[in-house]
Amino acid sequence: MRVCVYHPAGGYKKIFETADEIGEPLPATITGRIPSFLRGSLLRLGPGLFEVGSEPFLHLFDGQAMIHKFDFNNGQVTYLRKFVKTDAYVRAMVEKRVVITEFGTIAYPDPCKNIFSRFFSYFKGVEITDNCLVNVYPIGEDFYAVTETNYMTKVNVDTLETLKKVDMCDYVNINGVTAHPHIEPDGTVYNIGNCMGKGASLAYNIVRIPPTQKDKSDPIEKSRVVVQFPSAERFKPSYVHSFGMTENHFVFVETPVKINLLKFLGAWSVRGTNYMDCFESDEEKGTWLHLAKKDPGEYIDLKFRTSSMGLFHHINCYEDQGFVVVDLCAWKGYEFVYNYLWLANLRADWEEVKKNALIAPQPEVRRYVLPLDPYKEEQGKNLVSLPYTTATAVMGADDTIWLEPEVLFSGPRQAFEFPQINYKKNNGKNYTYAYALGLNNFIPDRICKLNVKTKETWVWQEPESYPSEPIFVQTPDGVDEDDGVLLTVVVAPSAVRPTYMLILNAKDLSEIARAEVDIITPVTFHGMYKP
């Protein structure tokens, strides 16, 4: 179908506005027929509160967390949402101001306090946010709303009530963990985060959380570090948003976007700053790719390098004939993409939105191939012998292995992002199809499918409609990798019922059904289908 690339009416601004909680589930109006195997819930996380009193949140990742749920029951659908009652949210509501510093918004001392108490409040140390607006996933029999700090929030996914705050620092050596764990079929959870490593230098730990315990104890209490990756810079760890996992290996991509830890600890506690102020990029550093064996955990000391890029989401990784294939949603260059995700930019008129995106890093879907035995060929020769890829790996005189990618998809200011696959069937294995949210100058306006073998693409899109990350649900008796449906939450501000749960056929992105509600939902980032 023809792809529309214009949004002059600016309807996208509506997905960056504050929403109210809903007390009772709203019944949806159904068009089409809901597949009978959909009998669970789609859970979504994102910002729902974009200001507190007269104080606005400034960055896309600052708004207070809201959890959304679409329930499927005998062909009917209901919608419910609530704020996650984190410390950041509750204290903001009580004091009617931003109390805890968020990603791009500084929390200043209470103006009602006198000058002395305000001064000393700057010296209490860094108070890390627990605003869990990024994702939700299961650990054992429980579910946790998460962000990228050390805090997770246990939630009741039936009622959406907030249950408990958990600090991962109580269990493992970690400063924070990503919102993108890998979960094995038995429920074992793996995640990554930076930590204090050997010799008082920063490093990155892979953490394992076991599945449901027979004695019903909390699996988090049995968390342990399975392997550690070294950091390219002692006091400047890279920003880590996700990692890759094959059947036998972990893959970690260390980008040139660094966290200046000394600035984070020093400047924050003295004068106040935000997370965004502590990032810096270094073009000369390039990008380092790391491998580790999974079981038993062991770092593989090979120096894989490539040019500078930004990275948030891995699509998939797998092993093939002595190689590890790594598919990524990359951003060209060394500049931090989050610099372009200030709410003022995203709420601008369409022509201004396009101008901002024009100078931002450009997106590209890339495939890198890492040889597990790089010494089998002489220096200067391409080590990659897989017949189906143009990606290369060349050993240099200093044992550095320089990687060049194969480009699987590229379009000017058209990002294939928030990727999903048939995770249960193909995570860590050779695969064919990836699904994604299409960002048009950073505005989400389409659902995409990519054949990573042939590079064929499919697109779903409707005018002035803004979908969310598509979640793949396999047909119970499905045989093919793409036998299933995609679930996405679409906001169409000018429609009579401006939000709908859209169900697409994963084969060709044709519409199967939609469930409309008479309410607008704000943007959501990630989520899951709970059967």
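Cβ atoms here come from the backbone N, Cα and C positions, even for glycine.
Taken from TrEMBL, the feature Fe cation binding site covers His180, His241, His313, His526. Neighbour density for His526 (Fe cation binding site): within 10 A of its CB lie 22 other CB atoms from the protein chains shown.
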Residues near His313 (Fe cation binding site) in space but at least six apart in sequence (CB under 8 A): His180, His241, Ser242, Leu328, Cys329, Glu417, Phe418, Pro419
Any further residue of that chain within 8 Å (Cβ to the Cβ centroid of His180, His241, His313, His526) of the recorded Fe cation site: Val134, Asn135, Thr178, Ala179, Ser242, Phe312, His314, Phe418
